[in-house]
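Quick notes on the structure that follows.
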Amino acid sequence: MMRILLFVATNLAVVLVASITLSLFGFNGFMAANGVDLNLSSLLVFCAVFGFAGSLVSLFISKWMAKMTTGTQIISQPRTRHEQWLLQTVEELSREAGIKMPEVGIFPAYEANAFATGWNRNDALVAVSQGLLERFSPDEVRAVLAHEIGHVANGDMVTLALVQGVVNTFVMFFARIIGNFVDKVIFKNEEGQGIAYYVATIVAELILGILASMIVMWFSRRREFRADEAGAQLAGTAAMIGALQRLRVEQGLPVHMPDTMKAFGINGGLKHGLAGLLMSHPPLEDRIEALRQRG
């Protein structure tokens, strides 16, 4: 909860600074002189409310959504020795990481993958694919679980949702400023909001949304390195490197995890060049090298 309050306070501070800065540079006067009557402070608050609403709602229902979209079956009473081992391993890693025992589940997928989600580090879900359990060694599975526990302990799900809320706010804000500018200044519309406003706003939201996604995905890639470090601390550097190397061997397999969950998996696929800027995970080679340098 403290993390949420700090991010909300930070966002409100940024909103205030942005509003004051635009006013100091005469943006309000420029827009008013061209027939655009905008209350930037009110617009920023409006965008902040709606920008955060979606990301926070997604965060609070993330466990439910993950179970529904991946078909994850929660292990409440272990029926096999593999399930018993999985529960015991997660409990051990959680205790070492200083968090409460998360829910543990298995989802039906051939590819080797795992994810962690939940609105609170003490109310989380950790799930692994059937393929990972079948083909990875116990040490490799333990390292993958340690990586996911690292995400939970670091509060990555909350932080990522709040970062998304911040960028949502400014995408909405600047898209509407651009829409008003095009409608009032370029098309000289003097009666309400014309079609140019809506078209320009939609186009601006699409373009700014792509740029904002690059920011969010950059942060997501940073958190993967941190989770790898946490996994190395909990399971050992050699085991963490071994798990990532095994994932690299299987990288050609299609990832069937829903798009909404790929950012939370340990294996995010492979893309290079400009497309790499929109990837939630850094290349496995970079992650392995970072762990080797860490020693």
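Using N, Cα and C of the backbone, Cβ positions are placed for all residues, glycine too.
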Remark   = Joining His147, His151 at the Zn(2+) site recorded in Swiss-Prot, out of Glu83, Glu91, Glu224, Glu250, is Glu224
Number of Cβ atoms other than its own within 10 Å, given for Glu224 (Zn(2+) binding site) = 24
